[in-house]
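Take a look at the structure below.
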Amino acid sequence: MARSCSSMMSPTSSSSVPPALLAVHHHLVAATLLLLLLLAGGCHGAPLKAHFYRRSCPVAEAVVRDIVLARVAADPAALPAKLLRLFFHDCFVRGCDASVLIDSTPGSSAAEKDAAPNASLGGFDVIDTAKAVLEAVCPGTVSCADIVALAARDAVSFQFGRDLWDVQLGRRDGVVSRASEALANIPSPSDNFTALEARFAAKGLDVKDLVILSGAHTIGVAHCNTFAARLSGGSGPSSAAADPALNAAYAAQLRARCGPDPAAAASNNATVVPMDPESPARFDAHYYVNLKLGRGLFASDAALLADRRAAGMIHRLTRQAHFLQEFRNAVRKMGRVGVLTGERGEIRRDCRTVNSR
């Protein structure tokens, strides 16, 4: 027969117990009840943890790593940025739940991946390959959300020959994906600092996280239409930029790449330029050197200099060791945003579609 909550109380009459002992007894009872409440709440979810699949799928992390490293070796300049961006865009919409991987279906609203901010995302095929292998060896066990998190870490770490950060696992996959939510939540390259701070705060991320995670712009490329508004101050390669925060010589380089006609540049979604003109394939601290020189590509990059708190962090982040340490902390924090654990969500069999009910 189950014991009732009252059966945990001492049968001793309070009148026969010294006041000091009675007070200790009441504190112990209160602490016990609080612990039971916390444990009961834990039934609805569980924290992420290292080596989550140690028993259920011991090869999970090795499978993802081997597939990602092989693919990055074939495309070291582009793929790390793609997989890191995929992780970032996933976490900023409904949390890190792999909702960005879901395909749109006829008769329903467009999914996240079809929203304008996600039009240039890549790396989906790498996630698909890892998922297919894991479903063959550990069916219904490893979530797409965890694969995305691992793939981002492994791809960026490739150039270093070691893991730049540890990935805590145990995420489950979301079952909802809406393009409208991607539009509302993903930071825009044209955002000012106020908008950026608000978007990050909505995810539980602070100004420090904003500054450090922006350092991911040290790798990858951008399409001309995402920054063309900063170049529209003139019609020739030697004219001044419309945005006074943009280095004039750098603006001239960008016009030479994207074209001198502002209207044409604004619609040019085919031509790309490196986000870090000095070391576009290296995950390094040069992004912050660029910022100090007025060579941040996006308006959202330059916006970091417009806030005293953010600007005050930039000098120290020009040091490689400091940047890598801080990035490790910030990306781990981002990886916990809005995660589904325990019984929430599902483990998709195919990352592109929710399981049939």
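A Cβ is built for glycine as well, from the same backbone N, Cα and C atoms used for every other residue.
As annotated by TrEMBL, active site, proton acceptor applies to H89. Around H89 (active site, proton acceptor), the same-chain residues at least 6 positions away in sequence with a Cβ under 8 Å from its Cβ are V100, E112, P117, N118, L121, A182, I186.
Taken from TrEMBL, the feature substrate binding site covers P187. Around P187 (substrate binding site), taking its Cβ as the centre, 21 other Cβ atoms fall within 10 Å, counting all chains.
What TrEMBL lists as Ca(2+) 2 binding site is T218, D276, D284. Residues within less than 8 Å, Cβ to Cβ, of D276 (Ca(2+) 2 binding site) and separated from it by at least 6 positions along the same chain comprise H217, T218, I219, R282, H286, Y287, N290.
Per TrEMBL, signal peptide is recorded for 1-45.
The Cβ neighbour count for R85 (site 'Transition state stabilizer'), using a 10 Å radius over every protein chain in view, is 20. The site 'Transition state stabilizer' annotation in TrEMBL covers R85.
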*Quick one: give me the count of other CB atoms within 10 A of the CB of D284 (Ca(2+) 2 binding site).*
19
*In the same chain, outside T218, D276, D284, whose C-beta lies within 8 angstroms of the Cβ mean position for the Ca(2+) 2 site?*
G215, H217, I219, M275, E278, S279, P280, R282, F283, A285, H286, Y287, N290
